[in-house]
Amino acid sequence: MDASYSIISVTGTVLLGLIVSLWLPGIERKFVHARIQQRIGPPVSSPGLMAALKFFYKRTIEPCSPLPRLYNSLPIVGFISALLILIFLIPPMYTFGALASLVAVVGFLKIEEVIYVFMGSLSRSVMSLRMPFPDLAKGAKHPNVQRYFLEDLSAMRAFRLIAFGSFPIYIALFVPAVMAGSISIGDIVAYQAANGPVLFTLAGVIGTVAFFIGYMILLNEYPFAILKTKADVIEGPYMEYASKYRAFVYITRGFLMFTLGCLFSVLFIGVPPNILSWGILVNLAAAVIFPIIMAVFSAFAPVFTFKQFYPVTAAASVIGVLALVVAFV
C-alpha cells in the first residue's frame, strides 16, 4: 500500500473523528435529553466543543495530590488510549500485527478504565479535606474509623467497575472473533466481506445487546453512573481537574464515543473507518446512533445502586456468553 495513501487515510480519519466527537455530547444532550425532558437544552456545541475551548483558557490550579503531575496527566493518557484504538482500526495499520488485534483493543480499553482508579486515589479535593469522615471533633462517635475521601469512594467504585462492569463489552468483542476464527481485526473484516456482517446473525444480535450495555458502562452513563453519583461522591475522580486537563476530560469522553462506534462497525458490520472510503459513512452513523440510543435509555433510567448494578452486569455478561455459544454453534 502506498505510503502517502496510508498517511492521508490515518491522519484524515483521526481528524474527522476529533471533529465529530466534539459534537456527539451535544447531540446526546440537545436532541435527546432536552426533548425528552421538554426543555430547550444547551446549544449542540456547548457540551463538547465549547466546553473544551472554555477550559483551555482557564487558569491551571495545583491539585491537592501526592503526585499532582501524574494526576493531571491521566486524562491525556485516557485520550491517547482511545486514539490508539481508533488508529489501529484503520486498514493501513493492520500490518502492525498484534497491535491490530482484539488483544490490543482490550488492553487499551483496560487502560481507559484503570485511570479512573488512579484519579480517585491521587486526588484530595478541598471538599474532601474540609469534610473528612469520620468527624475528628471531640466526642465523635467513631474517632478511630478509617478515614475516606470522596475520591477514595469513587476509586473503589472504579475498581468494582473494572472487576465486574467491564465483562459485557469484552465478551461481546470476541463474538466476531469466534465466527471469523481469528482475533486479528483484518481477518474479522475479511470474514465479513466474504460472509456478510456479523450483525445480521443471531450471535451478532445477541452480542450487540451485550456490547451496548458495556458501551454505557464504559462511558459511565446512567443508570451505570457510579463513579460520580451526584448524591454522594459528586464529581468523584474529576473533582480537581481544571483548565486544559478538564478540557481533555470532555474531549476524551466524546472521542471514546466515536471510537467505540467505529469499533462496533468494524467488528459487527465489517466496515473499518477510512476517510478515503464511502464506508466512513457507516462509521459515522454508528458513532451517532449509539449515543442517541444511550441517551434515550439513560433519560428514563434511575441511578443503580450496587445491589442493582451487580445483577444487571451479570445478566449482560450471561447474554455475552450466550452470544459466544451461539457463535460456536
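Note: Cβ is positioned from N, Cα and C throughout, glycine not excepted.
Bear in mind that the values here come from a model prediction, so they are computed numbers and not experimental data.
Long-range neighbours of the transmembrane segment (6-25) within the same chain, counting only residues 6 or more positions beyond its ends whose Cβ lies under 8 Å from a Cβ of the stretch, are 44-45, 47-49, 52, 83, 86-87, 90-93, 250-251, 253-255, 257-259, 262, 273-276, 280, 284, 287-288, 291. For 6-25 (among others), the entry in TrEMBL reads transmembrane segment.
The feature transmembrane segment is assigned by TrEMBL to 70-90 (among others).
TrEMBL lists 96-119 (among others) with the feature transmembrane segment.
As annotated by TrEMBL, transmembrane segment applies to 161-186 (among others). Proximity of distant same-chain residues to the transmembrane segment (161-186), defined by a Cβ-Cβ separation under 8 Å and at least 6 residues beyond the stretch ends, is recorded for 88-89, 91, 94, 97, 100-103, 105-106, 109-110, 113-114, 116-117, 192, 198, 201, 203-204, 206-208, 210-211, 213-215, 217-218, 220, 224, 226-227, 263, 266-268, 272, 309-310, 313-314, 316-317, 319-321, 323-324, 327-328.
As annotated by TrEMBL, transmembrane segment applies to 198-218 (among others).
Among the features that TrEMBL reports, transmembrane segment is placed at 247-269 (among others).
Outside the transmembrane segment (275-297), and at least 6 residues removed from its termini, the chain residues within Cβ reach (under 8 Å) are 5, 8-9, 12-13, 16, 20-21, 24-25, 27-29, 31-33, 36, 212, 215-216, 219, 221, 257-258, 260-262, 264-265, 269. Residues or ranges marked as transmembrane segment by TrEMBL: 275-297 (among others).
The transmembrane segment feature in TrEMBL is assigned to 309-328 (among others). Long-range contacts of the transmembrane segment (309-328) within the same chain, counting only residues at least 6 positions beyond its ends with a Cβ under 8 Å from a Cβ of the stretch, are 164-165, 167-168, 171-172, 174-175, 178-179, 201-204, 206-207, 209-210, 213-214, 217, 223-224, 226.
It is 70-90 that, among the stretches 70-90, 96-119, 198-218, forms the most Cβ pairs under 8 Å with the transmembrane segment (247-269).
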